[in-house]
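**Q** As listed in TrEMBL for this protein:
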type	residues	note
BINDING	Gly99, Val100, Thr101, Ser102, Ala103, Gly104, Lys105, Ser106	ATP binding site
DOMAIN	19-320	domain 'Kinesin motor'
Amino acid sequence: MDLTASQLTSSVSAAPPAPISVIARVRPAFPKERVSDVPCIRAEGNFVITHDPITGIETSHEFDTALPSNSTNSDAFEALFPLLSAAEQGFPLLELSYGVTSAGKSHTLFGSQNEPGVFQMAVFHLLQSSEVEISAVQIYMNQAQDLITGSILRIIGTGSDPLPARAWKAITTESLQSQLSQILQNREVASTKLNSASSRSHCLVFVRIRSSTICFVDLAGSEPHQQEASKQVQQEGAFIRTSLLMLDRSLKELRNAAKTSSLATSFRSSALTMALRPFLQLRNKRLAAQICMFLNLHQCVDGFQSNKETLQLGLVTKEIRNYAKTPSRIQGVNRSVRSVCGSMVGSVVGRDSVVEIEGSVVQIGQKEWEGVLQQLYDVSEQLQEVENEYENDIFSARSDFAEEMKQMIEIEVNFERMEWLGVVRERDLEIQRLRELLGERGERGENGELGE
């Protein structure tokens, strides 16, 4: 699988990347999928346009890159390349592939026999200038497993590496594809109503080079509860939904960190977020790594609302920033401005008053002095308005958190309910078998068979 230089470097900007990049990609519709005459989701420029198939309402959302349905994996790699270049310079990178089941996450990341994925292209590029080692872990049913050795891993809640026991494998251009095939073969999959080969685990592939570490994450697809599915598939779906909800919560906490006095982010709520902690945690009010999120979308009418939820998480991620400024800084600036205003009001300024400004002697008249004072009062009022907006944002963030906790509790209650219903069904079947057995013995007793 050879890649040309143009696949790796064409149309790549040399400008330093933003620490957060959100890339939306719409896959083409499959022949048997139900689609509308007007595509319910399409990409135009850097915008994703949604067309509600029921109401006809159109909305648009801007992202760093929006790839249309005729885009290739090479196009996706070009969008990622600036962050990959920064990783070569020592800035860690977390790549998240997010979307509903069957939206094209695994294809974008790992490709196919005919088209390499973003992961292979990235490793091939890194091998040109550095030695490369990889490790792979799946999070299945809230448990971590090494996809190279098959061993169960313990996730450590403290320290710089939550998965210290995972195995690392040196990679060459020749061995990459065979090693990746082994990793994907060991991953848990199952047939569901929406996908005949649905990934049932989150797959984390770590790439270690001399200067930094890159983590590629193929998240299991979000899916609704399937009442007709087997008990195993229902349990897997419940764990997937819960872990994605916890990731959503962590990203929202990072987004809200600029609006609250606390910069703490919760990672212990799931094995997935604990494994990603080194990349998502804040250090000195700054992100520990670059984040690139691929939003994988499809045009199927039945999945329109689920795709809208994917876009909403992308918008949340896009709002994450490095947090050098906080509401307390604004309050401090406002107090300083008010203090200056008070000093100026207490000063006596005559017609020909002279003041010293930054070492220069300047003559300021009464009207000019009053004009500067009024401008400072205006700035103070504007700062007060910003401070009020922050307070409203804090209230909104707390409300969002309460709603998320409510959803999490409902998911956990529903999961426990499904488990108990399964136990009750098994007991009912056992009771039924006992009744049938007792009935057979009773009939045999009436016929005199037991005495013979």
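Just so you know, glycine gets a Cβ as well, placed from its N, Cα and C.
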**Q** Sort out for me which one of Gly99, Gly104 has the most neighbouring CB atoms within 10 A, since those are the binding-site residues we care about.
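**A** Answer by Cβ density within 10 Å: Gly99.
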**Q** Quick check on the binding-site residues Val100, Ala103: which one has the highest count of other Cβ atoms within 10 Å of its Cβ?
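**A** The residue with the densest Cβ neighbourhood is Ala103.
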**Q** What average pLDDT is reported by the model for the domain 'Kinesin motor' (19-320)?
**A** 88
**Q** For Ser106 (ATP binding site), just count the other CB atoms lying within 10 A of its CB, please.
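**A** So the number of other Cβ atoms within 10 Å of Ser106 (ATP binding site) is 24.
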